[in-house]
Each structure stands twice: as structure tokens, then as C-alpha cells.
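Taken from Swiss-Prot, the feature domain 'BPL/LPL catalytic' applies to 29-216. Annotation source Swiss-Prot lists ATP binding site at Arg71, Gly76, Ala77, Val78, Phe79, Lys134, citing sequence analysis. Residues or ranges marked as (R)-lipoate binding site in Swiss-Prot: Lys134.
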Amino acid sequence: MTTLRLLISDSYDPWFNLAVEECIFRQMPATQRVLFLWRNADTVVIGRAQNPWKECNTRRMEEDNVRLARRSSGGGAVFHDLGNTCFTFMAGKPEYDKTISTHIVLAALNSLGVMADASGRNDLVVKTPDGDRKVSGSAYRETKDRGFHHGTLLLNADLSRLANYLNPDKKKLAAKGITSVRSRVANLTELLPGITHEQVCQAVTEAFFAHYGERVDAEVISPDKTPDLPNFAETFARQSSWEWNFGQAPAFSHLLDERFTWGGVELHFDVEKGVITRAQAFTDSLNPAPLEALAERLQGCLYRADKLQETCEALLVDFPEQEKELRELSAWIAEAVR
């Protein structure tokens, strides 16, 4: 009986793909070796311990319908579009060895005519007249009896958009999280014009089979034809939830300040796991009472634009004479934290 398993996703949904990856990883026999090939539509994928408000331009992501997905491995933030080919290698211990999967990807690139090398922070690079350029980045996860190595190959990614979403607004964030290292990158199409996702997947698959000396039929999966994965519905619900993607952020502080015609405002937030644990308001407004009430009510509020806006607008009941000021304040807060 073969020890290999090959899965290929037809879905571009990052939450679906990451949920599939998580379920396979949890339920696979320790003797199995798995290759999972997939790709995501427009998504910023962040590491398990990263702060999305620190790493991402969340406002632009919302405007452009770009999703946020938190993965279960460590590492930095990356932008995925359909110009990225994603791979995941899984194996039980002691078979699991990330140098093996790195070798398989390098062999696949070599078979396509691209000479690449492993470098530094889990990257694969190619040499160009402008110096080394990154074509692949990876992250890893290990448990007691198994491990996985997943990463992306930059095929024909829109690199200008990558910069748009991974360069955050100059917010005054004093974060305890880590800001990712930005890397010089290149697309494989610069080296191999016309190369396709299917060709890259085929090359990785053949290198996988060649390394282990076995072949196996691919299992093609999508939301309409998922494999038998225990607890998939629960895993997908968690993967797609705000609580996981945003609420798992490290503790951080955020300062907002603005001057209105009726006075200047400073709001200070301390946020833990996506919830405001402390809020302070400072103002030279002639009537500071609404802001004082807002600071009190924001404690315990989810750090989401819609929730902050709801809390602010709820004050209209208690301060109807300050409707203009409160509506201006509400619109500003909602825009500032996106």
C-alpha cells in the first residue's frame, strides 16, 4: 500500500484551503507523506503570531475585497493572488525533514529550467543581473509526531499589489508583534515566459514521486467535493472567523488623533486578542462628556470598525445635542481603524 497522498484544490478560497490543510495534518497517519497543491485568490496571509493591523493595510484590503487569512505556522505576512502556486508537504516523524521538501521544490524548478538555491529565511532565490531575487518563501509547523512545510512559488503575481497590502498605513502602533522582513522578489514568468500554474504543479508532483519512488492518483478537492476530513466544518468555521484572523493578534496599543472644528481629539487604545482592554479619550472640546462616555463604553469592545462605530452612535441617545460631533467622530473612528 502506498504511503503517498496527493491532493489538489480547485478552490481559490484561502479559508477553505487552510482548513483542508489543517484537517489533513491532524488526521493523517504518521506513516503517510502528503503533497497538497493549491492557490488563493486575493488574500493577505499572516503568520500565527502576527498583528494584522501592524502588518497590513487593512483599509485598502477592505476597499479592494482582499481577504485576511491567519495560518497555523509562524513566519511573516505574504500576499497571495492567482499568480502564486502554493504547496504543502506533510510527513510523520522521524520521516519529516524540511530539507527533503526543499530539495523536491528545487528539483521541480530545475526540471523547468530554473536554477534556484535555498537562502536565509526559508527562501528560494535565483541569481539575476540585479542580484539574488526571491521566487519562493516558506513556513513550517511541527507537533510531537508530525510536521509540515508550506510555501508559495511566485509564478505571475502582481508584485505592485503585494507592496500595496503589505506596507501598512503610518498608524501610531506601538506593537509587541513583529514586522515582517520585506524581500526583493521575482516572478518565474520573468525567467520562463508563459509558464502556467498547471505546469508548475506537474513539475512539483513529478519531483515528489521521483524522490519517493512511488506514484499515486491525485485527489481533486473543492467545496463541492471535499475528502472525508473529520471536523472539517468546525475547522473551516474557525479559519474563516474574525476571532481567529484578527482576534489572535498580539497585544498592542493604538493612538488616534484628529482635529475637528469643535475641538481636538486623542483616543488611546490597548488591545488584546482583538478586544479593547483600556480606552482613554483626551479633548479640548467645550463639552468633553460624550468622549468620556465613549472611552468608558469602548472597554471590552471588539477592535472592529463596525463595532466602534456602533458604540459611538449609541451615544446619540444620551447626547442628542452633540449629534453633529458624534457622527463626525463615528465616521472618523471607523475609517481610522480599518
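Cβ coordinates come from backbone N, Cα and C, glycine included.
In the three-state DSSP assignment, the secondary structure recorded for Phe79 (ATP binding site) is strand. Confidence across the domain 'BPL/LPL catalytic' (29-216), taken as the mean pLDDT and rounded to a whole number, stands at 87. Over all protein chains present, the Cβ of Phe79 (ATP binding site) has 24 other Cβ atoms lying within 10 Å. A 10 Å cutoff on Cβ-Cβ distances gives Gly76 (ATP binding site) a total of 20 other Cβ atoms nearby, all chains included. A simple way to gauge crowding: the CB of Val78 (ATP binding site) has 26 other CB atoms within 10 angstroms, across all the protein chains here.
Residues listed for ATP, Arg71, Gly76, Ala77, Val78, Phe79, Lys134, cover a largest CA to CA span of 21 Å.
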